[in-house]
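Below is one structure, written out as structure tokens; comments come after it.
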Amino acid sequence: LHLLIYMHCIVDEEDVFRVNEEFSSRLFRVKIQTLLAKGETVPEQRETRGKIEEERKLEVEAAIVRIMKSRQRLGHTVLLNEIVNQLKHRFMPSPIMIKKRIECLIERDYLSRDPSDYNMYTYLISSESFQEVARLLGVDLMRSDENWQSLLACLPSGKVVLIRSMCGWLFFLAALFSVCVLSLLADYNEQILYDDLLRGYNILERPVSNCSKPLVVLLELVLFQIVDVEEKNQLIQTNIWLKFTWYDYNLKWNPEEYGGISDVRFPAGKIWKPDVLLYNNVDPNFDPYYPSNLVVYSDGKINWIPPAIVRSSCKMDVTWFPFDDQTCCLKFGSWTYNDRKLVLEQGGNGWDMSEYIENGEWLLVVSQFTTADYPVRRTVKLYECCPDEPYSDVKYCLHIRRRTLYYGFNLIIPSLLISLMTLLGFILPVESGEKLTLEITILLSVCVFLTMVSQMTPSTSEAVSLIGVFFSSHMIVVSASVVFNVIVLNLHYRTQDTHRMGVWTRKVLLDWFPRILLMRRPLKSNSNIHSDIRNDSEPLLNCKETSIQRTNEICQLLEQLIADVRYIREFVKNEEEEQEARNDWKFAAMVVDRICLIAFSFVILVSTIGIFSSSPHITV
């Protein structure tokens, strides 16, 4: 059992160990007896208690040796805590017992006390230890080899007694157990460190040494992605990492006393953390932070970097939509600690863009750190609920610019082409019968596009978007084209019976504008037809009496024929005049069509150029 204690093994009941064959192949069985005091006499109970006390002393000594061999140098308080932590699942040793066992081990040269510090112990490898191990094994220590010489080099000077021989398997087991122990030391040290840091720690206590001074908390934002910008609801959704930094004087330690551990991790609910929230949060889950661990360093510095996807309100100015810039701010501040208790300040450079992923719709123009409208890093404000308590907050603002390629191909260019089709209505002949139908269809298409734009922009009366003005102007142009097409149709179908063209109308529409517009009216002359009729009728009208005796019937017939011819002549003349008047109205309608074509082309071109040239920028 002593051998196993020196080798730092935990011995269970019925454990079997086989010794090397050169030691007579003896089979050793180690059995730990269970001592029961129930039903024993008073002397037997005293003997049982004595045995239990001796076993507990051995266990305490074994724990001291294990701890000191792994740590080499340790203070009294830390050693006491580690012994209690290792043995508390079996029994709770008293500090007096531990101190006596330490003094006993010092007398047996297992430990030594530091001359400069009475409460500091150092672990020693003494010759008596090896001699006792060899005696328990019953081996001859007269043989020397290289392994033994290498072990002698590790022994402290002044404590080495030359032992001539040592079995090879002992070195192998010692090395194997050393590796196992070293692998467990980190876990033991970290567990002890956690216990020491949380012993007496109050999560509700503000971690300041002087309660009259505020705690400074630094905040830096890492922008990971702009997820969405909802103009309709006037909010922005971003994926950010928040980097909080502050110092907790209760969480400091010396890394040398805990195996070189310089930092540890605590869950979010184990230690104090600031209640910093996003003031302009619109998400139903008001605290969107992921409950990440807090990293605590040996100097008391704490880093807390929770990732979050936040939805914050953002005042949208849609005046230049879709060529607009937006400035959205994230306002952070403590919810319950005023400026006298907690001061929130900028950490680092404000925004960290090293992990930023570009957004397909929005371009990040510039990131800036501002508070309210003033060039300061912190704003202190008095709220109506707490007029005597100033609260500080910080604002992190993003300046983003919309990419217009999507809106150009899906809204602007199609609507512009539809508006240009309005001009085709003035070129289309009236006789086709589809002149007015085309214009009304175009008007309905523009109304559909205008409805789509109204669904994209917020319902506000503060400003009208640029693309809304564009579609509204085109809707006015198309509506006016419908009106002028109705006028053209009215002029085209006028007759002499219903309308008579005035003198000024004739001069303007049939004389002046055709010359200006370089329009020529083809005229067909009917003078030859009239001269032929006149030449053919003159012999009949100027015929002289011949020798042939005319009868009354012939004369009456001729008179009737002449009357009919005169009637036909008058009828044809009236038809020609009416046709001429109808042609005049048709030509006037053509002139009005040409005037509208030129005028509407100019209006569409000027309005389109004027509207889009007024935009501050065009970003593809």
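A Cβ is built for glycine as well, from the same backbone N, Cα and C atoms used for every other residue.
Confidence in the domain 'Cullin neddylation' (52-119), given as mean pLDDT, stands at 81. TrEMBL lists 52-119 with the feature domain 'Cullin neddylation'.
The annotation transmembrane segment is assigned in TrEMBL to 167-186 (among others).
Here TrEMBL flags 405-428 (among others) as transmembrane segment.
The transmembrane segment annotation in TrEMBL covers 463-491 (among others).
The transmembrane segment annotation in TrEMBL covers 591-612 (among others). For the transmembrane segment (591-612), the list of distant contacts is 323, 416, 419-420, 422-423, 426-427, 466, 469-470, 473-474, 477, 480-481, 484-485, 487-488, 491, 509-510, 513-514, 517, 519, 618: same-chain residues at least six beyond its ends, Cβ to Cβ under 8 Å.
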Tally of helix, strand and coil residues over the domain 'Cullin neddylation' (52-119) according to DSSP? 45 helix, 6 strand, 17 coil
